[in-house]
Amino acid sequence: MVHNVTQTVIEGLLVFFYLYVLFIIIISKAKTFKNAFYSIFVASGITDVASLLAGCYLRLNQELSLGEDLQDITRYFLLTTHAALISHLIGNMLITINRYSALRHLHRYDLIWTRKNVFIAVIVQYAVSFALFAHITVAKLIYVHNKDGTVNLKSYEVHIEMIVRLTLGGACTIYVILSIILDAKLFVEWKRISKMDASSKHRHHDKRLLMHTTVVFLCTLLMCIVQLSKAVATFFDINALNIWLIMQYYWINDLMLSASPFSLLLLSSDLRHEIANSFRSKKVENTTIISAVTRTNRTTVVRKFRAMISLFVHVCILFDMDL
(Lines of atoms letter the chains of each structure in order from A and count residues from 1; the text may use other names and numbers.)
(Lines give C-alpha, C1' and ligand atoms only; values in the text may rest on other atoms or scores of the structure.)
Protein backbone atom coordinates (compact mmCIF):
# COMPACT_ATOMS: atom_id res chain seq x y z
CA MET A 1 0.00 0.00 0.00
CA VAL A 2 1.07 3.60 -0.68
CA HIS A 3 1.58 5.89 2.28
CA ASN A 4 -1.22 8.46 2.37
CA VAL A 5 0.77 11.53 3.42
CA THR A 6 -2.22 13.86 3.08
CA GLN A 7 -4.35 11.90 5.54
CA THR A 8 -1.45 11.68 7.99
CA VAL A 9 -1.03 15.47 7.93
CA ILE A 10 -4.79 15.99 8.32
CA GLU A 11 -4.90 13.62 11.30
CA GLY A 12 -1.99 15.45 12.91
CA LEU A 13 -3.80 18.77 12.50
CA LEU A 14 -7.01 17.24 13.88
CA VAL A 15 -5.19 16.02 16.99
CA PHE A 16 -3.63 19.46 17.53
CA PHE A 17 -6.97 21.25 17.01
CA TYR A 18 -8.90 18.87 19.29
CA LEU A 19 -6.29 19.18 22.04
CA TYR A 20 -6.40 22.97 21.76
CA VAL A 21 -10.20 23.03 22.13
CA LEU A 22 -10.01 20.72 25.15
CA PHE A 23 -7.22 22.85 26.66
CA ILE A 24 -9.27 26.05 26.27
CA ILE A 25 -12.30 24.44 27.95
CA ILE A 26 -10.24 22.99 30.81
CA ILE A 27 -8.34 26.18 31.71
CA SER A 28 -11.31 28.51 31.21
CA LYS A 29 -12.57 30.26 34.32
CA ALA A 30 -15.97 30.93 32.76
CA LYS A 31 -18.86 29.30 34.62
CA THR A 32 -20.34 28.03 31.35
CA PHE A 33 -17.50 25.54 30.85
CA LYS A 34 -17.86 24.10 34.35
CA ASN A 35 -21.26 22.50 33.69
CA ALA A 36 -21.96 18.82 33.00
CA PHE A 37 -22.17 19.18 29.21
CA TYR A 38 -18.60 20.41 28.84
CA SER A 39 -17.28 17.99 31.47
CA ILE A 40 -18.65 15.05 29.48
CA PHE A 41 -17.37 16.61 26.25
CA VAL A 42 -13.84 16.80 27.68
CA ALA A 43 -13.99 13.23 29.01
CA SER A 44 -15.11 11.92 25.61
CA GLY A 45 -12.65 14.20 23.83
CA ILE A 46 -9.68 12.64 25.61
CA THR A 47 -10.55 9.18 24.27
CA ASP A 48 -11.35 10.70 20.86
CA VAL A 49 -7.81 12.08 20.64
CA ALA A 50 -6.44 8.69 21.69
CA SER A 51 -8.54 7.09 18.95
CA LEU A 52 -7.17 9.52 16.34
CA LEU A 53 -3.61 8.67 17.31
CA ALA A 54 -4.29 4.93 17.43
CA GLY A 55 -6.11 5.00 14.09
CA CYS A 56 -3.22 6.88 12.49
CA TYR A 57 -0.75 4.28 13.77
CA LEU A 58 -2.83 1.34 12.55
CA ARG A 59 -3.23 2.90 9.11
CA LEU A 60 0.52 3.54 8.86
CA ASN A 61 1.12 -0.01 10.08
CA GLN A 62 -0.86 -1.30 7.09
CA GLU A 63 0.49 1.16 4.53
CA LEU A 64 4.14 0.74 5.51
CA SER A 65 3.83 -3.02 6.23
CA LEU A 66 5.53 -2.70 9.61
CA GLY A 67 5.02 -6.42 10.21
CA GLU A 68 5.00 -8.67 13.25
CA ASP A 69 7.85 -7.03 15.16
CA LEU A 70 5.49 -4.37 16.50
CA GLN A 71 2.55 -6.67 17.22
CA ASP A 72 2.60 -5.96 20.98
CA ILE A 73 2.25 -2.23 20.33
CA THR A 74 -0.31 -2.90 17.60
CA ARG A 75 -2.39 -4.99 19.97
CA TYR A 76 -2.72 -2.13 22.47
CA PHE A 77 -3.55 0.37 19.74
CA LEU A 78 -6.31 -1.96 18.54
CA LEU A 79 -7.61 -2.07 22.11
CA THR A 80 -7.54 1.73 22.20
CA THR A 81 -9.52 2.15 18.96
CA HIS A 82 -12.26 -0.26 20.07
CA ALA A 83 -12.50 1.10 23.62
CA ALA A 84 -12.45 4.70 22.37
CA LEU A 85 -15.36 3.97 20.02
CA ILE A 86 -17.45 2.62 22.91
CA SER A 87 -16.44 5.63 25.00
CA HIS A 88 -17.50 7.91 22.14
CA LEU A 89 -20.90 6.20 21.92
CA ILE A 90 -21.47 6.39 25.68
CA GLY A 91 -20.32 10.03 25.75
CA ASN A 92 -22.75 10.94 22.98
CA MET A 93 -25.56 9.24 24.87
CA LEU A 94 -24.70 11.10 28.07
CA ILE A 95 -24.64 14.44 26.24
CA THR A 96 -28.02 13.71 24.63
CA ILE A 97 -29.50 12.77 28.02
CA ASN A 98 -27.93 15.91 29.47
CA ARG A 99 -29.61 18.12 26.85
CA TYR A 100 -32.95 16.36 27.33
CA SER A 101 -32.86 16.75 31.11
CA ALA A 102 -31.94 20.43 30.65
CA LEU A 103 -35.19 20.89 28.75
CA ARG A 104 -37.52 18.44 30.44
CA HIS A 105 -36.30 18.72 34.04
CA LEU A 106 -35.04 22.28 34.13
CA HIS A 107 -35.62 22.88 37.85
CA ARG A 108 -33.92 19.62 38.84
CA TYR A 109 -31.04 19.90 36.38
CA ASP A 110 -28.44 20.99 38.94
CA LEU A 111 -29.57 18.25 41.33
CA ILE A 112 -29.27 15.56 38.65
CA TRP A 113 -25.99 16.69 37.10
CA THR A 114 -23.91 17.28 40.20
CA ARG A 115 -20.12 17.09 39.95
CA LYS A 116 -20.21 13.79 41.83
CA ASN A 117 -22.75 12.23 39.45
CA VAL A 118 -20.84 13.46 36.39
CA PHE A 119 -17.61 12.02 37.81
CA ILE A 120 -19.29 8.64 38.40
CA ALA A 121 -20.73 8.67 34.87
CA VAL A 122 -17.30 9.35 33.36
CA ILE A 123 -15.66 6.60 35.43
CA VAL A 124 -18.34 4.14 34.28
CA GLN A 125 -17.85 5.36 30.69
CA TYR A 126 -14.12 4.59 30.81
CA ALA A 127 -14.45 1.36 32.80
CA VAL A 128 -17.07 -0.20 30.52
CA SER A 129 -15.22 0.87 27.38
CA PHE A 130 -11.95 -0.81 28.30
CA ALA A 131 -13.44 -3.78 30.17
CA LEU A 132 -15.31 -4.92 27.05
CA PHE A 133 -12.02 -5.40 25.18
CA ALA A 134 -9.60 -6.35 27.94
CA HIS A 135 -9.20 -9.81 26.37
CA ILE A 136 -7.49 -8.22 23.35
CA THR A 137 -4.32 -7.74 25.42
CA VAL A 138 -3.64 -11.50 25.18
CA ALA A 139 -5.21 -12.10 21.75
CA LYS A 140 -3.19 -13.58 18.90
CA LEU A 141 -2.85 -11.41 15.81
CA ILE A 142 -2.95 -13.01 12.35
CA TYR A 143 -0.56 -11.65 9.72
CA VAL A 144 -0.45 -12.20 5.96
CA HIS A 145 2.93 -12.73 4.25
CA ASN A 146 2.80 -11.20 0.78
CA LYS A 147 4.75 -12.34 -2.28
CA ASP A 148 6.85 -9.17 -2.27
CA GLY A 149 8.12 -10.01 1.21
CA THR A 150 5.96 -7.53 3.10
CA VAL A 151 3.82 -8.54 6.06
CA ASN A 152 0.39 -7.06 6.82
CA LEU A 153 -2.01 -7.43 9.72
CA LYS A 154 -5.16 -9.36 8.78
CA SER A 155 -7.20 -9.73 11.96
CA TYR A 156 -7.36 -11.41 15.34
CA GLU A 157 -7.63 -15.14 15.74
CA VAL A 158 -11.07 -16.28 14.57
CA HIS A 159 -12.96 -16.52 17.88
CA ILE A 160 -11.56 -13.20 19.17
CA GLU A 161 -12.43 -11.49 15.88
CA MET A 162 -15.99 -12.79 16.17
CA ILE A 163 -16.33 -11.56 19.76
CA VAL A 164 -14.95 -8.11 18.88
CA ARG A 165 -17.24 -7.68 15.87
CA LEU A 166 -20.34 -8.83 17.72
CA THR A 167 -19.52 -6.54 20.66
CA LEU A 168 -19.01 -3.50 18.43
CA GLY A 169 -22.02 -4.36 16.27
CA GLY A 170 -24.24 -4.83 19.31
CA ALA A 171 -23.04 -1.60 20.92
CA CYS A 172 -23.66 0.35 17.70
CA THR A 173 -27.15 -1.14 17.35
CA ILE A 174 -28.09 -0.16 20.90
CA TYR A 175 -26.61 3.31 20.39
CA VAL A 176 -28.51 3.98 17.16
CA ILE A 177 -31.87 2.83 18.57
CA LEU A 178 -31.56 4.76 21.84
CA SER A 179 -30.18 7.86 20.12
CA ILE A 180 -33.05 8.02 17.64
CA ILE A 181 -35.56 7.74 20.49
CA LEU A 182 -33.79 10.31 22.68
CA ASP A 183 -33.16 12.76 19.83
CA ALA A 184 -36.82 12.55 18.82
CA LYS A 185 -37.91 13.31 22.39
CA LEU A 186 -35.30 16.03 22.61
CA PHE A 187 -36.58 17.96 19.61
CA VAL A 188 -40.22 17.43 20.56
CA GLU A 189 -39.41 18.93 23.95
CA TRP A 190 -37.49 21.78 22.35
CA LYS A 191 -40.42 22.56 20.08
CA ARG A 192 -42.74 22.61 23.09
CA ILE A 193 -40.40 24.90 25.03
CA SER A 194 -39.87 27.25 22.09
CA LYS A 195 -43.62 27.88 21.86
CA MET A 196 -43.72 29.05 25.45
CA ASP A 197 -43.13 32.59 26.61
CA ALA A 198 -39.55 33.84 26.31
CA SER A 199 -39.34 34.43 30.07
CA SER A 200 -39.55 30.67 30.69
CA LYS A 201 -36.39 29.97 28.73
CA HIS A 202 -33.32 28.99 30.70
CA ARG A 203 -29.67 29.28 29.91
CA HIS A 204 -29.52 25.50 29.40
CA HIS A 205 -32.00 25.77 26.54
CA ASP A 206 -29.34 26.38 23.93
CA LYS A 207 -30.61 25.30 20.56
CA ARG A 208 -27.12 25.31 19.10
CA LEU A 209 -26.02 22.61 21.53
CA LEU A 210 -28.98 20.51 20.38
CA MET A 211 -27.78 20.95 16.82
CA HIS A 212 -24.34 19.83 17.99
CA THR A 213 -25.74 16.55 19.31
CA THR A 214 -27.51 15.98 15.97
CA VAL A 215 -24.38 16.60 13.87
CA VAL A 216 -22.32 14.29 16.08
CA PHE A 217 -25.01 11.59 15.91
CA LEU A 218 -25.15 11.68 12.10
CA CYS A 219 -21.37 11.35 11.79
CA THR A 220 -21.30 8.58 14.39
CA LEU A 221 -24.09 6.83 12.49
CA LEU A 222 -21.69 6.37 9.55
CA MET A 223 -19.23 4.58 11.81
CA CYS A 224 -22.02 2.42 13.24
CA ILE A 225 -22.98 1.38 9.70
CA VAL A 226 -19.35 0.40 9.05
CA GLN A 227 -19.14 -1.62 12.28
CA LEU A 228 -22.44 -3.41 11.61
CA SER A 229 -21.31 -4.19 8.06
CA LYS A 230 -17.99 -5.54 9.35
CA ALA A 231 -19.88 -7.77 11.79
CA VAL A 232 -21.97 -9.14 8.91
CA ALA A 233 -18.86 -9.60 6.72
CA THR A 234 -17.06 -11.45 9.52
CA PHE A 235 -20.03 -13.64 10.43
CA PHE A 236 -20.70 -14.69 6.82
CA ASP A 237 -17.01 -14.65 5.82
CA ILE A 238 -17.44 -12.07 3.03
CA ASN A 239 -13.77 -11.24 2.47
CA ALA A 240 -14.27 -8.70 -0.35
CA LEU A 241 -16.69 -6.63 1.76
CA ASN A 242 -14.34 -6.81 4.74
CA ILE A 243 -11.39 -5.48 2.72
CA TRP A 244 -13.50 -2.64 1.28
CA LEU A 245 -14.74 -1.66 4.75
CA ILE A 246 -11.18 -1.56 6.09
CA MET A 247 -10.32 0.93 3.34
CA GLN A 248 -13.27 3.15 4.36
CA TYR A 249 -12.79 2.83 8.10
CA TYR A 250 -9.98 5.33 8.63
CA TRP A 251 -11.46 8.37 6.88
CA ILE A 252 -14.88 7.71 8.43
CA ASN A 253 -13.21 7.47 11.84
CA ASP A 254 -11.50 10.83 11.23
CA LEU A 255 -14.81 12.37 10.15
CA MET A 256 -16.66 11.04 13.20
CA LEU A 257 -14.03 12.23 15.68
CA SER A 258 -13.58 15.65 14.09
CA ALA A 259 -17.32 16.34 14.12
CA SER A 260 -17.41 17.00 17.88
CA PRO A 261 -14.86 19.83 18.17
CA PHE A 262 -15.71 21.48 14.85
CA SER A 263 -19.48 21.49 15.37
CA LEU A 264 -19.09 22.74 18.93
CA LEU A 265 -16.81 25.54 17.74
CA LEU A 266 -19.28 26.55 15.03
CA LEU A 267 -22.38 26.30 17.21
CA SER A 268 -21.14 27.49 20.60
CA SER A 269 -20.60 31.24 20.80
CA ASP A 270 -19.15 30.81 24.31
CA LEU A 271 -16.35 28.61 22.98
CA ARG A 272 -15.61 30.98 20.10
CA HIS A 273 -15.39 33.95 22.47
CA GLU A 274 -13.13 32.00 24.82
CA ILE A 275 -10.75 31.08 21.98
CA ALA A 276 -10.81 34.67 20.68
CA ASN A 277 -9.98 35.93 24.19
CA SER A 278 -7.08 33.50 24.44
CA PHE A 279 -5.61 34.91 21.22
CA ARG A 280 -6.15 38.47 22.43
CA SER A 281 -4.42 37.77 25.74
CA LYS A 282 -1.48 36.20 23.92
CA LYS A 283 -1.27 39.21 21.62
CA VAL A 284 -1.28 41.60 24.58
CA GLU A 285 1.30 39.43 26.37
CA ASN A 286 3.55 39.37 23.31
CA THR A 287 3.16 43.14 22.87
CA THR A 288 4.07 43.67 26.54
CA ILE A 289 7.13 41.45 26.19
CA ILE A 290 8.22 43.24 23.02
CA SER A 291 7.71 46.63 24.70
CA ALA A 292 9.67 45.50 27.75
CA VAL A 293 12.49 44.18 25.58
CA THR A 294 12.49 47.40 23.56
CA ARG A 295 12.63 49.52 26.71
CA THR A 296 15.42 47.32 28.07
CA ASN A 297 17.36 47.61 24.83
CA ARG A 298 16.89 51.37 24.81
CA THR A 299 18.06 51.63 28.42
CA THR A 300 21.08 49.49 27.65
CA VAL A 301 21.98 51.63 24.63
CA VAL A 302 21.62 54.82 26.67
CA ARG A 303 23.80 53.41 29.45
CA LYS A 304 26.46 52.31 26.99
CA PHE A 305 26.35 55.71 25.32
CA ARG A 306 26.75 57.48 28.67
CA ALA A 307 29.62 55.16 29.60
CA MET A 308 31.37 55.91 26.33
CA ILE A 309 30.93 59.66 26.87
CA SER A 310 32.27 59.34 30.42
CA LEU A 311 35.26 57.32 29.23
CA PHE A 312 35.95 59.87 26.51
CA VAL A 313 35.83 62.71 29.03
CA HIS A 314 38.24 60.91 31.37
CA VAL A 315 40.62 60.22 28.53
CA CYS A 316 40.51 63.87 27.55
CA ILE A 317 41.25 64.92 31.14
CA LEU A 318 44.18 62.52 31.38
CA PHE A 319 45.45 63.72 28.04
CA ASP A 320 45.30 67.33 29.27
CA MET A 321 47.11 66.36 32.46
CA ASP A 322 49.88 64.70 30.50
CA LEU A 323 50.25 67.79 28.38
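Using the three backbone atoms N, Cα and C, a Cβ is placed for every residue, glycine included.
The model shown is predicted, which means the values in this text are computed figures rather than measured ones.
The transmembrane segment feature in TrEMBL is assigned to 12-30 (among others).
Summarising the annotation, TrEMBL assigns transmembrane segment to 37-60 (among others).
As annotated by TrEMBL, transmembrane segment applies to 76-97 (among others). Long-range contacts of the transmembrane segment (76-97) within the same chain: residues 37, 40-41, 43-44, 47-48, 50-51, 53-55, 57-58, 121, 124-126, 128-130, 132-134, 136-137, 164, 167-168, 171-172, 175, 178-179, 182-183, 186, 213, 216-217, 220, 223, 227, 253, 256-257, each at least 6 residues beyond the stretch ends and with a Cβ under 8 Å from a Cβ of the stretch.
Here TrEMBL flags 118-143 (among others) as transmembrane segment.
Here TrEMBL flags 163-188 (among others) as transmembrane segment.
Per TrEMBL, transmembrane segment is recorded for 209-229 (among others).
Residues 7, 10-11, 14, 17-18, 21-22, 41, 44-45, 48, 51-52, 55, 58-59, 81, 88, 208-209, 211-212, 215-216, 218-220, 222-223, 226, 275 of the same chain, all 6+ positions outside the transmembrane segment (249-267), place their C-beta atoms under 8 angstroms from a C-beta of that stretch. TrEMBL lists 249-267 (among others) with the feature transmembrane segment.
Counting same-chain residues at least six beyond the ends of the transmembrane segment (12-30), those with a Cβ under 8 angstroms from any Cβ of the stretch are 38, 41-42, 45-46, 48-49, 52-53, 56, 254, 257-258, 260-261, 264-265, 270-271, 274-275, 278.
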